[in-house]
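Here is the structure we will look at.
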């Protein structure tokens, strides 16, 4: 907001500095496969793609990869995002679109709580809390210290809730042994955490080994000191106060 108020958006040397101020230890992530679907739309026009997707074009709606969409969106997978209502514009119109089952025919949600978005789901799967499972967590943005957290469960999972990795592994299993092997690479969630920790430690030799980090819970490292040349800012001056 300060960047907007002071006119520091879209100019040389402006903006908030969040991107430039981020220090990353290079945490290893899951293996990524190539997405065979190349057609893309703006993240904010998914309601249009449900409502009148087959009419959306590259010229008018910014469709990428094709001149127009072939089909509208018929299925939504909403994982821990609350995107359907809470993080989208024109809630009244979005509600109207999602209420019409002939448009979006299936919505699957994975959540911790009964959020506004969860109430629209045809199938709602309860996820585990971060405090109930092991995980390797990277730092947030905008800081001069990078860190990695090796999260350990503080309590056992309650009721019939399952972690997202288990859920997706079960889906992959039902799509066939080849899909299951490609997705899991033969690893459980615990084995993935140990593998990703080892890969991250290879980039950061000073990071504690797995067993030690289970006790400390975190590994931190200050940003490297370097010199960066910046263009002279050309921001608008603040108006005088009276």
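Count begins at 1; order follows the chain as displayed.
Cβ coordinates come from backbone N, Cα and C, glycine included.
Sequence annotations record features per position, and here TrEMBL assigns domain 'Molybdopterin oxidoreductase' to 2-174. Look at TrEMBL and you will find 204-214 tagged as compositional bias 'Basic and acidic residues'. The region 'Disordered' feature in TrEMBL is assigned to 204-242. According to TrEMBL, the compositional bias 'Polar residues' annotation covers 225-234.
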Overall pLDDT for the domain 'Molybdopterin oxidoreductase' (2-174), taken as the rounded mean: 89
Secondary structure content of the compositional bias 'Basic and acidic residues' (204-214), with strand meaning DSSP E or B: 5 helix, 0 strand, 6 coil
